[in-house]
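Working notes for the structure below.
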């Protein structure tokens, strides 16, 4: 399919239509050899509540954004290189079924499909594209992934101290290392994690101590290496950040206390039959 559509006029028109829907807020998507394979609406588990998002699958990237007017206008564009993606199916919850996690080194999040068949098709298409890219580039599958954020409504108390109760005055925070919902006292520290952001990010006290220990261990190992073998720390692009929830209604049902979120033992509308 990709070889057949690459550099064709119909593929160029389809990509141009997606660019037009995102408008000036989106990035250019047309590059030589890129093919738009399909699109669909999935429900994304965001910080405050699940939200519908439009997803576009290309042969090398996954693009998604917020829906302003379906088929006409989208914003908050996110672009994910498929080489960095790992997929993981997840069990159903009372709130969401047919779930799976999209894991990358910069950001990981959970989506759900309208049916089990739709989930299977999405995962099948994604895995095939990922497999093709890794074979083409000779890269190994990614093993380091950002932690997904636990939804705000998953807990009424801090997941670290288990004492502080959240309220209008006591805000919820998220540790960027483990994704836990924590109170301010349990997340006063910041730590620089270059693969996530060029700026130090909020982390919980436990992760901060672990990161400091890892940093010290790496520094000691580096100090023992001869100078000529030392390598520079690679640079990374900053994370695109999480979806904005500022305009959303926070009055949603409470998640059951025994819900397992991220542990695992809109239909797919391909352009081609």
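Just so you know, glycine gets a Cβ as well, placed from its N, Cα and C.
Nobody curates TrEMBL annotations by hand; they come from automatic prediction.
The annotation domain 'PH' is assigned in TrEMBL to 35-131. DSSP places the residues of the domain 'PH' (35-131) in helix, strand and coil in these numbers: 19 helix, 51 strand, 27 coil.
Under the heading domain 'FYVE-type', TrEMBL lists 152-212.
Among the features that TrEMBL reports, region 'Disordered' is placed at 218-254.
According to TrEMBL, the compositional bias 'Basic and acidic residues' annotation covers 218-230.
Across the domain 'FYVE-type' (152-212), the DSSP tally of helix, strand and coil residues reads 14 helix, 12 strand, 35 coil.
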